[in-house]
Structure formats: structure tokens, C-alpha cells
Amino acid sequence: MCDKHTHMAKTVSVFTLGGTISARGGGSSPRLTGAQLLADTAGAAPSDIEVEVHDVRKLPSSSLAFEDVADLAEHVDAARAAGHGVVVVQGTDTLEETAFLLDLACAPGTPVVVTGAMRRPDLPGADGPANLAAALAVAADPGCAGLGVLTVIADEIHAARHVRKTHTTSVATFASPGAGPLGAVVEGRPRVLLRPARPTVTRPLPLRGSARVALVTLSLGDRGELLDAVDERFGGLVVAAFGAGHVPTWLVEPLTALAARMPVVLASRTGAGPLLAHTYRGPGSEYDMLGRGLVSAGTLDAPKARLLLYALLADGADRAQVADAFAALA
Ligand SMILES: NC(=O)C[C@H](N)C(=O)O
């Protein structure tokens with residue numbers, strides 16, 4: 001339990017990237033700065049910490065790129081090397097992806113928390129100030145270190161590896177289907193109920209290389225035209241397959257051919273639960289496809305599987321290293 005204020009980190013570094021939390025007027029007025037966001041927490045944040053604010057980007061999170069997160073990871077590493085807790089403030093649309101990339105890229109250290117808001121700061125019931133105050137409380141608490149990168153929204157603490165945006169407008173949009181939250185912020189204090197069984201990666205993966213990884217989500221009647229386009233353009237592929245890892249019989253051969261040329265990761269389009277390994281055995285089943293050289297995404301959803309494959313390939317991983325990294329997370 002990290003529910004005591006007695007061991008607070010003295011300083012928390014806040015890095016802002018943009019998002020709805022700062023989008024006063026929906027983009028018709030200048031974005032709120034990090035300093036303004038902090039002022040709006042109006043005493044709800046812990047009073048016994050120093051906060052350093054750095055406005056790093058001013059973007060909707062749909063326009064964040066790998067380079068932006070690579071820059072951010074360097075800021076985060078530097079802040080943690082100085083012993084600071086870290087809060088990243090950004091849009092919710094890709095919040096889980098930034099959090100997971102930081103989980104892959106940053107060495108273990110002080111707590112790192114990603115937060116944002118669903119309601120603009122000029123709308124009634126704006127959730128940004130409460131989310132930022134709760135995120136600061138978690139980032140300042142050394143008892144919340146060692147949990148991997150976290151998200152804090154609507155008073156829930158989630159692991160980057162499992163959290164997803166699950167609703168277009170609800171302020172309680174973030175959930176960890178199949179895993180559940182790690183804890184909650186109650187009366188301004190973090191309470192951790194669960195700790196991850198293992199770290200997300202054993203070695204931080206730099207995000208500075210480049211790799212092209214496609215994500216193809218299957219749907220009924222897919223004839224495989226997008227798979228044809230993958231071959232020339234990409235160095236890796238994630239297939240978001242049906243259910244527990246199933247593809248149509250007519251895509252078995254095209255996927256097998258692709259898997260002979262590049263790492264192909266088999267994920268589920270359902271967004272929750274593990275990929276199966278041997279429950280179904282017919283053509284196009286998970287057993288069939290994994291036997292044909294596809295790599296199981298395990299419990300990673302398809303977008304996160306794409307990020308892990310990207311980070312591995314950008315780091316120069318070969319096929320065996322890709323398979324090992326996914327197996328280690330399963
Ligand atoms: N709630 C939000 O922050 C959504 C916004 N479009 C973003 O991700 O930047």
C-alpha cells in the first residue's frame with residue numbers, strides 16, 4: 001500500500017503535450033499552459049511537493065508521432081535521474097499508447113503517471129484539475145514506484161500495459177479489461193491494491209530507430225487486399241484477428257507467406273483477454289497460425305502489440321528476439 005504521505009518525492013516534473021485538458025474553447029483560444037493547469041488544481045494537489053512544469057508540445061494527441069514520444073522519454077529519464085516523480089499531461093485519444101511506449105523505453109525509477117481529461121477546461125464539470133491533482137499525488141509517492149508506467153484518470157490507477165480508452169465521451173473512459181485497475185486515489189492519497197507480476201520489459205528499448213509496422217484489423221468478408229499492400233511497404237505486421245486469434249481460411253496462405261518474410265504478430269480485435277494457443281485447431285485457428293510462424297500477442301491488445309513490435313524492430317531485434325519479447329510478456 002502506498003497510502004502514506006511521509007515519503008513523498010520532493011519534486012514532480014510535469015510535461016505537457018496538449019490534449020482536451022488544455023483545449024480551452026475547443027481550439028478557438030490559446031491552449032492553457034502547464035502552469036495554468038496547475039493553478040486550476042486549486043489546492044487539491046499535495047501541498048508538500050515542488051512542481052516543475054515543462055510545456056513540450058501543444059497538440060491533439062491524435063497528432064503525436066514516435067519522435068514526440070522519443071523526445072518525451074528522454075525528458076522523463078532526465079527527471080527521474082534527478083529523483084523527480086513524473087506526470088505527463090496529454091490528450092486521451094492516444095494516452096494509453098504514450099504510456100505504453102514510455103513503459104518500453106524508460107528505465108525503472110520514480111513513478112511516471114500519464115493523465116489527461118475528457119471535458120474541456122471551459123465546460124461544466126471539467127475533469128482536468130481533479131485528474132492532474134490525483135496524478136501528482138501518485139507521482140509524488142515512492143510507494144507507487146515499481147509498478148511500471150501508470151495512468152491516473154477518474155481517480156483510478158491503471159498499468160500502461162493493460163489500460164485502454166473504452167468510451168468516446170465518458171470521464172470514466174479508461175479501464176483495464178481483463179486485468180482491472182491497480183488501485184485508486186482516495187481522499188487525495190494513492191492506494192495500490194495490486195502490483196504487476198513482472199516488468200513490461202527487462203531492458204529499456206530506445207525509440208530512436210525507425211521501423212514500419214502495419215496493423216490490419218480483420219472484419220467479416222475481408223479478402224486480404226490490405227495484406228497484399230503490406231509486403232513491399234512494411235517490416236512487420238500485427239493482425240487483429242477474430243476472437244481468440246482466428247483468421248478466415250483464405251487468409252491462411254497469405255499470412256503464412258508474410259510470416260516467412262517479416263515478423264507477423266497475431267492479436268485479437270476484441271481488446272481484452274489472452275490469445276489462445278491450442279483450443280481450436282482447424283485451418284485459420286490460433287493453433288494453426290502460431291504453428292505457421294506467427295507470434296502470439298499474448299494479452300497485449302493489437303495497438304500495443306504494434307508498439308512493442310515497432311520498438312523491437314527499431315532496436316534491430318531479429319525474429320527470435322521478437323518472439324522472446326512477446327513470450328516474456330504473455
Ligand atoms: N479527451 C481528449 O483529450 C481527446 C483529444 N482529442 C486528444 O486526444 O487530444
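The backbone N, Cα and C atoms fix where each Cβ goes, glycine too.
Those TrEMBL annotations? Automatic predictions, nothing curated.
TrEMBL lists THR92, ASP93 as substrate-binding residues, and of the candidates SER61, SER63 the one it assigns to that same site is SER61. Using a 10 Å Cβ-Cβ cutoff, THR20 (active site, O-isoaspartyl threonine intermediate) registers 24 neighbours. Between the C-alpha atoms of ASP93 (substrate binding site) and THR20 (active site, O-isoaspartyl threonine intermediate), the distance comes to 9 Å. Cβ crowding, taken as the number of other Cβ atoms within 10 Å, peaks at THR92 among the binding-site residues SER61, THR92, ASP93. Break the domain 'Asparaginase/glutaminase C-terminal' (212-326) down by DSSP state and the numbers are 49 helix, 20 strand, 46 coil.
Between the alpha carbons (Cα) of THR92 (substrate binding site) and THR20 (active site, O-isoaspartyl threonine intermediate) lies a span of roughly 8 Å. Here the CA atom of SER61 (substrate binding site) lies 9 Å from the CA atom of THR20 (active site, O-isoaspartyl threonine intermediate).
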